[in-house]
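Enquirer: Here it is, the structure, as structure tokens.
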Amino acid sequence: MDDTAELSCPDNDMMNPALTMTTQVSAILVLSHVFQIFLKPLGQPAPLAQILAGFVLGPSGLSRSPPIHVFFFQNFAIDFYESMALYCRISIMFLMGLEMDIPYLMRNLRPASIIACGGCLMCTLFASTISFFVYEETGSRGSRVTLALVITVILANTASPIVFRLAADLKFATSDIGRLAISSSLIGDMYAAFILVIISGEKNKRTVKGWALMAFFSLLILVGIILFTSRLVNWLNRRNRNAKNLQAVEVMLLCSVILVAAMILETMGFSSIIACFLMGSTFPRGGKSARTLLAILTYTVHNFIFPIYFGYTGFKADTRYLNELKRMAIVVMVIVLSIGGKILGTLAACLYLKKPLNEGVLLAFLMNMKGHVDILTLTTAMQNKVLNSSVFYNLMVSAVVISSLISASLISFLVRREKDTIGIKHIPMEYHSPDKELKLLACVHSSHPVSSMVRLIVSLRGSENVPISPYLTHLVELPEKTEKSSSFYDQDEDELSDEEEDGSNDAVQINETVDMFIEETKMMIHQVKIVAPFITMYEDVCDFADDIRTSFIVLPFHKHQRIDGKFENGKEGIRTTNQKVLRHAQCSVAILVDRGHTATGTQVAGSESLQQIATLFFGGPDDREALGFSKRLSTHHHSSLTIIRFLPTSAKDSNVGVDVSQKEDDILVSIQDQETEVEEADSSALANFYHRYVTSGKVRFVEKYVDNGVQTGMILRDMAETYSMFVVGKGSRGDSRLTTGISDWEECPELGVVGDFLASSEFDVSGSVLVRDMTMELGSRKPMLLVMYVAVYCVLTASTNKVPVQTVGPIFLFGDSTLDVGTNNYLNNCTARADHPYYGIDYPGTEATGRFSNGVNTADNIVQHLGGYDLSPLPYLAIVNDSSNFTTEIFNGVNFASGGAGLAKATGKAFYGQVISMEEQVQQFATVRGNITALLGVSKGESLLQNSMYILSVGSNDIMDYIYTHPVTHEQFVVNLTNTYAIHLKNLYSMGARKFGIISLPPVGCTPIARAAHGGACNNESNDLARACHASFESLLKNLSSTLEGFKYSIANTYNMTMSIITRPIWFKNVTSACCADKTPQGLSECKKGVHLCETRDDYLFWDIVHPTEKASRLAAFALAFSQDPDVVSPINFSSLRKA
């Protein structure tokens, strides 16, 4: 009988091979799930069940029956099977590259290479010693060298896909030993792939030069595909910036590129195993492309491809050839030498690397996992006619399958036995070294706290040389009536009944923030998604935290702060989830109370501002955990940490510390070994921290003496404007007298007494709050109800600090009455004035300053948030009139805005007489610029101007003038206005301006005066023009930013912002009428003394017939400065632009 005929099938094609393959795949999937039902309770991993399923279905099991054998083993069916295995291998290796922790691989390349090489070299040695014996005993014909190479692959190869899946199934893939095993298996796969290339080349008989040339061309193709894929991915990410995922056609395009590249390399005679892994590992990680592919491939590979791929390995085994003792002995010998070689080589490597013996044994069996590459090597040798023995083929396949089954069972046993070694070990932050890798799990229910979460990640990054593995989990509520579903990636949109319920809208904003963060920092954030009912959501969070071995969890607070500064209750289920996670998690937990309207996460990463951080230490295990947490913060180069220890006043005389140097009310101390009222553990922790961080100058140490919680609260209030972050423990205080009575009541006990105070309205400051919980005791798996509280107050934006920011220049304001703070007071022939009552009725001193408001206006509020001053810079004309202060005042900024002015030179002059047009305002700035450069010198002056910010709010008066005259068509008006705007912006740019904050046009057709002229309804013509102008202005700014070097901008969509308030008047009772106006036969009167004045001005959106109230201006300025909503301000907010 011809040996090769045994590899084929009968010449009787009874069925379509495609149907045969489909049936085989379906049977493997069904059988693997059945075996998993019985094996999983025994602790056996899924790959074992899948290989066993193929083994049972193949010639060793059900296919022994002639009808089944004929059905599965037809002519050409083998080709279908091999093609299917190839596509599976491409998908698996690409996914492995995409999910691989490349930074870890690069950091541990040396130990991974030593472990892989140790096992491979020992197995190669064993293979060379038995190849002659096997060749003779199996009756092989062909090249002895090729047979020796084949046996080398069978003994030395490590199936990285199986190791990858085994580690994930047994819950140690994220441990150090798991990641080391996966990295080593990849290197082992490379060794086998290299030998496979040599075996493939035996048929072609190429020269060394020919092989080198082919290898060079293959490398060029691979590099070209990687570069092309990178550019394609970046283009797709930009194209789908506002989409949740890529479109199906785009996904198919990316998959086609990867598949074509792999097939080209296979055709050239090179294995695509390593190429696909490299394509995956070099695939751009941030953006919609990586996220979409990862979601699709993860589900498909883990649920379908892995079972088929592993099952096909078992399907190839034919134990019918083990019908002789001699053949059985050969299989046993190969298995023993394979396992023995891996054990000897791996243990020798681990001994050299000084790794424990038990870890070495586990690594050895992991390195012995065999898979499809072994069978591919055998098949390639047979198909190329360089080896010709079906006995040898089937004996080696049987050895591969049996060896893998044995190793998988032993690995499962070893993992269970070494649970204490490789199991979940959560180290409290108190004992966590800031030089070691930090894993953290940040959770969000919506897009609101995402920026604060990524800020926290940046702060905890510490030194850039220290690794950090952050995970951001989107928690989505699944209604209880729906079947519970939890996944790490996006569910089908059809699975949930409502788009809001499945987090689709939030997901887009979350992804955008994370993508921008990754793009700027190059630091990867792993995104996952958990969908579950609130009642059981904590289980999924805790389980996932255990799987990734996180050091601590960050949860969002159940309340969120509205734009007016008040807290609004969210879903009660969020609070329930937080409380359950605090009780059940085995690691430290944190709750983030986002009190700050901060910038995007990317700006966090790039900020150069120094953050003032305070750790409040009252004593007890919780505060020691807070102290440990602070170690990480202190190592960040943009952080300045102060440890503030609270002690009773009576401790002053007990000499807790010596070397006391008093400065005002703060006492700087050195901690000594001397013990007084402070517990030994607290003193030890403080002493260790002091000697490591304070003596080196990295951290400042302060002591505060108080008698009760009231004094503690007063001190904390005084600190509100000094520090941008607070860290403190929850309970178990060393001295409860220090916190008792700090607040009238405790609304959120889970935050602790101090935490609840810092998160309450009593502690009035813009910022965020983070509450940490250490829920396990060192060396114990039992929960320990200790909570660490951390308050993060605008990590990058200390908006309440009244000290001018020194790293940026002043602010210059241009435009109309929105920003005018008194310019028109100096124009004798101007009728657009606000220097009379009731203007300024709520201004300090009830003074009518020229602001078109009942109090401060938008200019004042913006400057407060961005510049650190209480009010807007003085008007240019005010500074000119007081020439003695001119040279000093211009460095505080200048306000050029004039009520009634517009972009066009003639705007407003027909109605109001004398106004300062935008052209004249730019000319005034030229005078200021000249004085600045003259005083500082050209170089320093230009630098100051380039770091300054230029805020423009203009255009509304142009529309009002146009509505009355209609000199041209709407389209031509928009074009003319945009061109004029471009001239002004370019003139400012030519004089050094680089950062432009543009306040676009509001719905001028919905002002009280416009409504009065249209029967109470909005003037749609004016509103349409405002929208058209905004779109044109936005296009202009994008063009200028791409053509003018260094041109940066932020444009506020005032139309959307105002219309959202009008359509949903949450903060105002009246959004249509003016607070200060009288109805007349001609419409509405101007605001002046004697007209009707509303009683509660904060209830009104409009102050007079055109302008907003002080409250409306305050809300608008807050949104412009800190909103993350691109429908309000884009591409970044004003605060981010200020720091850019």
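Glycine residues also receive a Cβ, built from the backbone N, Cα and C atoms like all the rest.
In case it helps, TrEMBL gives these features for our protein:
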- 20-39: transmembrane segment (TRANSMEM)
- 31-416: domain 'Cation/H+ exchanger transmembrane' (DOMAIN)
- 112-135: transmembrane segment (TRANSMEM)
- 147-168: transmembrane segment (TRANSMEM)
- 180-199: transmembrane segment (TRANSMEM)
- 211-231: transmembrane segment (TRANSMEM)
- 251-280: transmembrane segment (TRANSMEM)
- 292-310: transmembrane segment (TRANSMEM)
- 330-353: transmembrane segment (TRANSMEM)
- 360-379: transmembrane segment (TRANSMEM)
- 391-415: transmembrane segment (TRANSMEM)
- 483-507: region 'Disordered' (REGION)
- 490-504: compositional bias 'Acidic residues' (COMPBIAS)
- 506-599: domain 'Cation/H(+) antiporter central' (DOMAIN)
- 613-772: domain 'Cation/H(+) antiporter C-terminal' (DOMAIN)
Enquirer: Counting only residues 6 or more past its boundaries, what in the same chain has a CB within less than 8 Å of a CB in the transmembrane segment (211-231)?
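Expert: For the transmembrane segment (211-231), the far contacts come to 201, 254, 257-258, 261, 264-265, 268-270, 275, 278-279, 282-284.
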Enquirer: Checking distant contacts: for the transmembrane segment (391-415), what same-chain residues at least six beyond its ends satisfy Cβ-Cβ under 8 A?
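Expert: Apart from its flanks, the transmembrane segment (391-415) reaches 3, 6-7, 43-45, 47-48, 51-52, 55, 60, 134-135, 138-140, 147, 150-151, 154, 159, 162, 166, 170, 172, 313-314, 316-322, 327, 330-331, 334-335, 338-339, 358, 361-362, 365-366, 368-371, 374-375, 378, 382, 422.
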Enquirer: If you count every Cβ pair below 8 Å, which range out of 112-135, 180-199, 292-310, 360-379 shares the most with the transmembrane segment (251-280)?
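Expert: By the under-8 Å Cβ criterion, the transmembrane segment (251-280) pairs most with 180-199.
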Enquirer: For the domain 'Cation/H(+) antiporter C-terminal' (613-772), what is the mean per-residue pLDDT, to the nearest integer?
Expert: 70
Enquirer: Taking DSSP states H, G and I as helix and E and B as strand, how many residues of the domain 'Cation/H(+) antiporter central' (506-599) are helix, strand and coil?
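Expert: Split into helix, strand and coil, the domain 'Cation/H(+) antiporter central' (506-599) gives 44 helix, 24 strand, 26 coil.
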Enquirer: Would you say the transmembrane segment (360-379) and the transmembrane segment (147-168) are in contact under the rule of three or more C-beta pairs closer than 8 Å, pairs 6 or more apart in sequence?
Expert: yes
Enquirer: Can you see whether the transmembrane segment (330-353) and the transmembrane segment (292-310) are touching - at least 3 CB pairs under 8 angstroms, only pairs 6 or more apart in sequence?
Expert: no
Enquirer: Compare 20-39, 112-135, 180-199, 360-379 by their Cβ pairs under 8 Å to the transmembrane segment (292-310) and return the stretch that comes out on top.
Expert: 20-39
Enquirer: By a Cβ-Cβ criterion of under 8 Å, what residues six or more beyond either terminus of the transmembrane segment (112-135) are in contact with it?
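Expert: For the transmembrane segment (112-135), the sequence-distant neighbours (Cβ-Cβ under 8 Å, at least 6 residues beyond its ends) are 105, 144, 147-148, 151-152, 154-156, 158, 180, 183-188, 191, 330, 333-334, 337-338, 340-342, 344-346, 348-350, 352-353, 363-364, 367-368, 392.
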